[in-house]
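**Student:** Just lifted these from TrEMBL, have a look:
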| type | residues | note |
| --- | --- | --- |
| TRANSMEM | 12-31 | transmembrane segment |
| DOMAIN | 79-235 | domain 'Glycosyltransferase RgtA/B/C/D-like' |
| TRANSMEM | 83-104 | transmembrane segment |
| TRANSMEM | 153-170 | transmembrane segment |
| TRANSMEM | 182-207 | transmembrane segment |
| TRANSMEM | 219-236 | transmembrane segment |
| TRANSMEM | 305-324 | transmembrane segment |
| TRANSMEM | 330-353 | transmembrane segment |
| TRANSMEM | 365-383 | transmembrane segment |
| TRANSMEM | 389-409 | transmembrane segment |
Amino acid sequence: MFSLKEESKKTKLILYTIMFIFFIIGTYTVIKYGDNYLLGNFNEWNNDDVKYVRSAWTLLDNGKFTYHNVNDETVFIMPGLPYTMAFFMSIFGKFGGITAFRIFQVVLMSLSFSLIFFIGRFLFNSKVGIISSILSILYLPNLFTPNLLLTEVIFYFLILLLVYTTLVAIKSKKIKHYIIGGIVWGIAALFRPTVGAYPIVVLILWIYNNYKFKDILKFTIIVSSVFCLVMSPWWIRNYKEFHRFIPFTLSSGNPMIQGSYINYDTTIDFHPWEITDDIIKQEEYYKDNLVYRFKNYILKKPLTYAKWYLIDKTVILWISPFYWKPVYNIHIVFVGIYHLLLLTLGFIGMYSIHKKSKNNKVDKTARILFGLFIYYSVVHIPYITFNRYSYPMIWIFVISSAFVINNIITQKQERSKQILNTNNLE
């Protein structure tokens, strides 16, 4: 599954060098400059990162899982990140644990480059895998994000692992691979609930690979059972605290309302919502407000809101890099140009993959790259969209770009051979 035995020494050397170089630079960066990348501060608790840290500290102090208020149990966020931070803090101390957590993220990012290689190799060949890894280490947000105390790096790694496990499982049809997939899917959901509908992607791949209905049913039961087992502690905790089944979080209402305002401008078609300290009731108020706005504003301007949801929000989600603070004074303009280049080549690659898969020149499974773009866009457009949320999926454009670059290199090599052969004949 993760074997490099059949790879050339050159391929292994390049891949190991990429991972080693990133680990050294990344570790130095988080130790030297890590605290410079805090988005909030520990006095005002005014951003997600410091709130996650406070949540981890509270877990260590009294076992409560909190977020906005240290006295109240929460279901506003998924538990993955605070519990992971708390683990490192229990070993290295409350502040030493923060540095240890950042180094852990550097390790995960280094390993992510190998997963990108494996996916590129699985879908195409080793050359595409290596080019993908090279493009990834040159993408500066990958050096920026391990400094952050957010879910991005862990989810980046987990979604790569999930996709690769999925590809292997679909090809092998082995139960053990589907069990691993179910475990990874469950763990990923404990960090970000947007992965909850991922089986839709798997179903499409099953259809592409001509799975029989009985096999689809068998593997669905296996993976779903494993997923439920992984998620069950979270579900039990939520039921004990809030006396109802809460599969993920109860924080979707407010982001959906905010995401429904065109250009996030609340002065356009505004309708106030009720406020209460009861988080269950508050979620209902949010949803009631959204229903009211849908009936009284959105339905009356269908084209305007359709453009906002389907086009504008998708563009906002993907168009810019998640690079909020410069790394080693490298300006965002340069990072933005590289980001747009990856998007452009990536879309060209996805289109080329679609065409070649029709002629069986490329396996239809490779369409998963475009499928993931559609899936990830659709699950986010009901809410607020911005570059932080698309970052964990930027690798789909990296691999698609690598596919294009490899094709260009291959074509040039073939032309050179033809010219050489022609000259030899003369």
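Every residue gets a Cβ built from N, Cα and C, even glycine.
Relative to the rest of the structure, where do these features sit?
**Tutor:** When Cβ-Cβ distances below 8 Å are used as the criterion, the transmembrane segment (219-236) is approached by residues 78-79, 169, 175, 178-179, 181-183, 185-187, 189-190, 199, 202, 245-247 of the same chain, each at least six residues removed from its ends.
Sequence-distant contacts of the transmembrane segment (389-409) (same chain, six or more residues past either end, CB-CB distance under 8 Å): 112, 116, 119-120, 123-125, 127-129, 131-132, 135-136, 139, 141, 145, 152, 155-156, 159-160, 192, 194, 317-318, 321-322, 339, 341-343, 345-350, 352-353, 369-370, 372-373, 376, 380.
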**Student:** Quick one: find which recorded stretch in 12-31, 83-104, 153-170, 182-207, 305-324 has the most Cβ pairs under 8 Å with the transmembrane segment (365-383).
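**Tutor:** Stretch with the highest Cβ contact count: 182-207.
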**Student:** Output the single range from 12-31, 153-170, 182-207, 305-324 maximising the number of Cβ pairs under 8 Å to the transmembrane segment (83-104).
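**Tutor:** Looking only at 12-31, 153-170, 182-207, 305-324, the most contacts with the transmembrane segment (83-104) come from 12-31.
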**Student:** If we skip the immediate neighbours and take only residues 6+ beyond the ends of the transmembrane segment (305-324), which ones have a Cβ under 8 Å from one of its Cβ atoms?
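**Tutor:** The answer is 39, 139-141, 144-145, 152, 259-260, 262-263, 297-298, 332, 335-336, 338-340, 343, 377, 380-382, 385-391, 394.
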